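A.B. asks: What TrEMBL shows for this protein is this:
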REGION    1-26  region 'Disordered'
DOMAIN    55-319  domain 'WDR36/Utp21 N-terminal'
REPEAT    285-316  repeat 'WD'
REPEAT    482-523  repeat 'WD'
REPEAT    565-606  repeat 'WD'
DOMAIN    702-907  domain 'WDR36/Utp21 C-terminal'
Amino acid sequence: MADTNAKKLRASEEPNTDKQTQPAGSRLYDPYRAIGYITSNVPHSIQYRGQTAFITTAIGRSFHVYDVEKIGLLFVGPHFTSTVVSVLSIGDETFVSVGGRVVVCRRGKQVGELEAVERGELSSLMHFGDYILAISAENTVVVWNRETREMFTELEFVNESFQVTAIVHPSTYVNKIVVGSAQGAVQVWNVQTRRCLFESKSFGSGIACMVQAPAIDVLALGLLDGRIILHNVRQDRSVMQLAQEGRVTAVSFRTDDVPMMATANASGDVALWDLDHKRLVHVMQAAHDGTIPSIDFLNGQPLLVTSSSDNSIKEWLFESKDGVPRQLRQRSGHYSAPQMIRYHGHKGFDIMSAGRDRSLRLFSVIKDAQSAEMSQGSLLREARKTGTRVADLRLPQVAAFATNEAMARNWDDVLTCHQSSPYAHTWSTERKALGKFTLHSPDDTAITAVALSACGNFGFLGLASGTIEMVNVQSGLSRRLFTGHTKSVTGVHADACNHHVYSASLDGTLRVWDFGTGTQVHCVQLQATPSRTVMHGEGGLVACACDDATVRVVDVESFRVVRKFAGHRNRITDLAFSHDGRWVVSCALDRTIRTWDLPTGHMVDWFRVESVPVSLAFSPTGDFLATAHMDSVGIYLWANRTQFSEVTLRQISPESVDGDFMSTAGLVALPTSAGLVGDDVAANAEQEAADEQDAGVYVVPEQLTDDMVTLSSQPRSRWQTLLNLSTIKKRNAPERAPRAPEQAPFFLPTTEGLQPRFDLERKEPGDGDEQAPVDRTRISTIEALSGLARTLYQAEESLNFGLVVEYLKGLSPSAVDLEIRTLPVTDNLRAVRAFLRAVTVQLRSKREFELAQAYLQVFLGVYADVIKENSGELEAPLRELRAECRAQWSTVDGLIRYSACMVDYMRTSK
């Protein structure tokens, strides 16, 4: 059973959302999805479909399904209300133990549940035959029928001296399972009869895991004291006993005719054992940086799959004769919360993140498989030589970093400084590894801030002594020093033209330096100490997060504070400019994320989350806001609503925020790996409409006034293409393929008479005959009603002719032309009369004006002869049409006569 620390770790995988209301606290941002989640300390499950293997891992309140071949993400499970305790994959179905119930999912979608049992938390899901088994928190083993999903039976262990910790089904044992206990004894039970058939003596330590060995009747028992016992259940005797350091968390056997066993411990080590010689072959020290809950050899392959609570999956290939594997591939994320995130590159495809796990990672927003950790060298090899752990050889935690892709292909493009360290390091995103240079502080004080110039040639190091050093990134040499600050530098930036350098310090000043000479140009005295700064290079603005929980924006051209935003109730942790420089987004320890509008100087959006945001970054393209939180290992993406919908911004007063701060009305759920579900999207839309109504937002009417003509919102190409459709079809018509010359017949025909002469003008039937051209202007005589005809009749009966225009607006130009040409001329010209009335009503409303004119022109070009021959029957609708069109054309009759004459001329000319 999982211990208390494991339960706390699972609970911290994703933020708690039990008390969250509908995610309606933000008007600007929609939860999009979370990236960086790979696995947790819940044992994974491997299933086989033919020769292909798939691995299912739990990630807090959901689960992922990967293919083992490339560790590519295939499916993401639904987001549950509580933490996932156990997962089991069988065929197309995934069984998930969550919140005391077992949910059945298929291809990432929930399709049902197993019969509920009131037994508390259910763990260690297992499958054999037609049954699904689980261990309950009340010391029972629950058995369900997989097909009916009903509970089949329940095995109760009343004796408190036998606490169930593990279950396994021995191969070839029909209807029987072996149950291990925390006291070290095992019992054999018959599931059908609910009888205990056998109980062994205690092995002296609690049983942590049990696995079937390749040999029949033999089970591998992993004990809490580090021993691995191969026990013959039928004979009740131990075949082999081995020992490792730390408690055994997982055991697996190779099945490719190599007698090897692998065991894992809670420290992240994997031990490899030679079963023939009963000896230890190799210890994979620090294979993971956390507890390894499960390991599996793939069937018939020399490939070991391991997953760990360090948020990683790794595959190890055994191809050497000494039995030492090499890492084939991996997929990992932060195993401790990230502390700083920034977008890398101008396209917004990648996010760079520095975490408390002393790693620097590059996450891909487009394709998760491209995410990688920036390599710090051969730490594993160095650890083996020195006998230390890999974690002790890592660089100190990154305190700040700067990226610039301008010269990424020529030299290093990332610069980092580390906590309490006088060294800064360069990195290369091209190689995804540590760069060439380690830069040392000139006065041996800690480096507290870094920056890169816009050209990518120079780096800036802000020191704890107040000095700023400029170095050449290509050569690693120092160029000049900027001296003037009296306390530690908290931020340093360079403008886009390399004219000035801007720096902030704990001495409460923002100083401007000449880039070329290093002399001070100006000093801006701030009313509070700046703890973090960001700069919008194109806008010439520097935003400072000050210790008095305010954001001060300084204009670098006028050297004065132009905006001051106050409202946060605790220290500001990070801030960022939007891509266009219009907004400043800030987050603080009060768990709020606020958006400030620079032109108006007002707060236009705020929302509160349960987990404290520690860092945020705005996409260079403006489509996403990325956030990192204190107790979450993932990075959360929020979609910017203004990119795909109209959002009306309004001022939010601090009084209204203070009134709602203690309530749950503004509480927003963090994004999940599966993204926002449909119900949440609908709730967002409803809440947005309600907010606009409450705020008195002005809605533009469809018609400003009855005296004005309103054009259509349809693309201009719609009606222009309709008017020139015949020309377009003629231009796009394919050319006739070249025809082979006709061959003379073997016997040439002759003319009648005394003198035999060949008949050269005679043709056989069908030879060279060309079909007569089709007159596409003729009226169709198909009796079946078209969609336009049915709409016209419906509009005529309901007197709602707006249906006709709405129907035609949903069609393509070719479809509109076809619908008009196929109108029936039977039933006393009912369809023609209804169309004339529909166009008249539309012109009278002065809406969709150019569309109505285009429809009318096509209609008159087709039906001009019909209107001319039946002018008496159509006198009433034509009179109404003349009245509406008199302002547009001198006379409709002249247009009708002209169109009819053109049609007659075309027919007679053919």
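Heads up, the Cβ atoms here are built off N, Cα and C, so glycines get one too.
Could you tell me the structural context for the features on the list?
C.D. replies: Regional average pLDDT for the domain 'WDR36/Utp21 N-terminal' (55-319) in the model is 93.
Note on the repeat 'WD' (285-316): residues 6, 9, 36-44, 46, 48, 53, 55, 57, 66, 68, 71, 249-256, 258, 262-270, 325-335, 357, 380, 383-384, 389-391, 633 of its chain, located 6 or more positions outside it, place their CB under 8 angstroms from a CB of the stretch.
Using a Cβ-Cβ cut-off under 8 Å and counting only residues 6 or more beyond its ends in the same chain, the repeat 'WD' (565-606) has close neighbours at 25-29, 340, 531-532, 534-536, 538-539, 541, 543, 545-553, 612-622, 625, 627, 649-652, 654, 657, 661, 666.
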A.B. asks: Determine which residues of the chain contact the repeat 'WD' (482-523) at the Cβ level, with the cut-off under 8 Å and only residues 6 or more beyond its ends counted.
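C.D. replies: Sequence-remote neighbours of the repeat 'WD' (482-523) are 448-455, 458, 460-470, 529-535, 537-538, 540, 542, 544, 554, 556, 559.
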A.B. asks: Using DSSP, what is the helix/strand/coil residue split across the repeat 'WD' (565-606)?
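C.D. replies: Final tally across the stretch: 0 helix, 25 strand, 17 coil.
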